[in-house]
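In what follows, a single structure is set out as structure tokens and then discussed.
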Amino acid sequence: MAVVVNPGLDRSGADVDSQAQDWATILYEASASGNPDVISLLLEYGADANIPKHTGHLPIHRVAHRGYVKALALLIPVTTWEAVEDSGMSPLHSAAAGGQTQCLEMLLNAGYDPNFMLQPWILLEAGAMPNQDPVKCLQVALRLGNYQLIETLLRYGANVNYFCRVNTTHFPSALQYALKDEVLLRMLFNYGYDVQRCFDCPFGDRAHVPDGYEGWSSTVIKDTMFCEVICVDWLKHLSGSVVRFMLDYVDHVKFCCKLKAMLMEQKQWPEICKIQENTRCLQHLCRLTIRRRLGRLRLRAPVFMSFLPLPQRLKDYILYKDFFFFLNKKTLQIARTRSLLSVFEEDTCAISSYYHQLFKAMQRIYDAQNELSAATHLTSKLLKEYEKQRFPLGGDDEVMSSTLQQFAKVIDELSSCHAVLSTQLADAMMFPITQFKERDLKEILTLKEVFQISSDDLDTAINRYSRLSKKKENEKVKNEVMEDVYTSRKKQHQTMMHYFTALNTLQYKKRIALLEPLLGYMQAQISFFKLGSENLTQQWEDFLANIGTSVQNVRREMDTEVDTMQQTIQDLEQASDLLYMPDPDPNKIPINRNLTRKAGYLNTRNKTGLVSSTWERQYFFTQGGNLMSQSRGDVAGGLVMDIDNCSVMAVDCEDRRFCFQISPFDGKKVAILQADSRKDCEECFFVTFAERRTNPFGESGQVQSGDSEDSILHQLFIVRFLGSMEVKATENPDVIYETMRQILAARAIHNIFRMTESHLLVTCDCLKLIDPQTQVTRLKFPLSSVVMCASHQENKRLFGFVLHTAGGRVDGRPVTICYIFESNNDGEKICDSVGLAKQIALHSEMDQKATRKQRELEKAKEKHKEELTKQKQIEKDLEEQSRLIAASSRPNQAAADGQFLVLSKSQSEDSDIGEEGQKRERGESDA
């Protein structure tokens, strides 16, 4: 993509240092293309090369990673070291990661330190653990396996003897990346690798640490020896060749027992034994001494080596130039074997197919982990927003809100752990296998295509050379054809060597590409579990235990409630079996003719024309002498008609059953309704009649109720309060009659005809006046305060009762009040009910007194029984003590031969009788 820059924008006032949302400057975006003209133009107009992106990258990092040499030459002079240091990473890291040798050499010539380490915040943002080492440029290059890149770094002073705490080894960490490659081994050894530390084993001929022994903690670094590393199952086959190469760089060394046992199984063991058994030559020992005296820094300095007054051949010997090569003979020999090419290519196709499947599987793991991290974070967010929700039935549950807030805190920490795990999986698992898939496998395919093209060109050139005329020789054409064959053959040979080398190297890379992602996956999981165990304290365990207990309690309550509801449903189903029938049998469900209120669904007839009509099903109910209806979906009911002065009668309408008509006396509005059964139809008749004579707030007459479990008597009457007045204390019913006369006369004089209707509830404890609509108790009279009750002699609907109030005394006598009521029932029945309640209360009180007395007697008997038991125990103890005393006071009689004398039967009986007589005498004297 071509980048077009308009110089007129800057002249018109455009800001060349403007930044995007990710803080990327125009110069940073231009560095992506590597166009030196664009970068030069921006620098000319004052663009600042020291403004980083939000990730810390500068333009020089970008061009170094992509290998833009000309752009890098422009940016090196204008990039300050302070900006590079603040970014946390050196351009050498970018060049090494991109495999750009030329850019790497330019940066090293410009003075950049090859031992510069990544800043910790860079690694932490990338998901690294805070107790791990930063990554060096040489370590990145060793992972890539680029010989030229590694040689450049070593030539410019990269430290081959660095230690990384991620791999806690006793020897320098660079060796672990070169165990399978002789070229890398020789390069490291030639540039001063400390080989002697590989043979420093503190155990020697003694037994090594048992397998599984953990000899380190979080504060002590584990010092893993070379013998322990090289003897693992997947590396022990390399031990012979690696040790053989090492012997060329050390004096006589001593093998520990573990390393020696492993080397004896390798094919290089005879050659190693020959070197160890014989004395090393003086030439080799002098080389080692000179290298040790010069030091690693002088050995790698070409200027210093040029000033040494030694022959060039001796200098090459000191620098191990005789071992300095990039391809071994075995590799070249295999590369020339074209017969194996088809086998290697078939193997490469199988590797590519398998690793593509493995890549998809690991990609699914990575995607699932990312999804888990996002879902966990969303869960924490929703839990935090719970207290802001308004549930219609939930209410303000502070306990639940605080509990969920604590859960949100824990889950938020888990979300952070999952995010760290996702980053570690991306770096340690996905990066190696992606590099292998995108770089190594594609490199093989590219080299295969290039090799095929070069082979075709060589075949074409040879065919052309073969067709040269023998008779007509043209020197110019011959030279061109021979030059073409030479060029094609050279190109094909070079391509073939690179291609075959890549095929051979692929056999090692496939193992690395398989093991490194798995190793990274396991290490990431272990780090995740350790991080989780650190965050999960005892406090959270107690909290989760409490929550688990609460959940179990709620579950038990729910199970109990479900069982209760199931039992209720079963009982309702059994009790409602008859109600399912639309027209039940009147013998099984009798008609209630005492109803004052009725509610249910009825069909109502609506006229739609002169002769047409429709029927609509609505919910009807009576309220305060009015007939109300409510359709489905309506919020409240509406008035149909006033039924206080209405007549009801059965009618025949459109051949429908159970139809009846409600008509007012004025005849203006007639309602034709249809019930579901004869029972509903007749009950509607009686309710309509009842509405004309009473207020429909309850049923008239005597009603037994089970609302009170403490009282065996529970009778309800509808009464209307007429009045009350204070009377003299007397037991003559004339007081009640006189009070009735005075109250009725007073109401007539003052034109008071309105009466307050209430429900009079008679129980064994008290009399209650209850509001019929709200069911609120208006007045409550203890039954013990009711003196007498009587009804009017002529008007049986009038009755009254006299009671003592609990308000104290007036003039030394108790205050007595007489209450007068009017009832729909006979007043004598109400008075009989009050008398029956007093009798039941009296008998109940007598029974309670008898029960209490019986309990007191039983307690006295138990107490007396306990005293007798204690007395008998005391006597028994005294008898036992007296028997022991008597037995100890008698001397033991022995025979001459030392044997004890045996008493005769009579003697033993006499002694027993004597003891019993003594006890009886003591008992009589004590009495």
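Each Cβ is built from the backbone N, Cα and C atoms, and glycine gets one as well.
Curation does not apply to TrEMBL; its annotations are automatic.
According to TrEMBL, the feature repeat 'ANK' maps to 22-54, 87-119. TrEMBL lists 276-324 with the feature domain 'SOCS box'. The domain 'PID' annotation in TrEMBL covers 717-848. As annotated by TrEMBL, compositional bias 'Basic and acidic residues' applies to 847-882, 916-927. Taken from TrEMBL, the feature region 'Disordered' applies to 847-927.
Helix first, then strand, then coil: DSSP counts for the repeat 'ANK' (87-119) stand at 18 helix, 0 strand, 15 coil. The helix, strand and coil residue counts that DSSP assigns across the domain 'PID' (717-848) are 41 helix, 60 strand, 31 coil. Here the domain 'SOCS box' (276-324) has, by DSSP, the following mix of helix, strand and coil residues: 34 helix, 0 strand, 15 coil. Taking DSSP states H, G and I as helix and E and B as strand, the repeat 'ANK' (22-54) has 14 helix, 1 strand, 18 coil.
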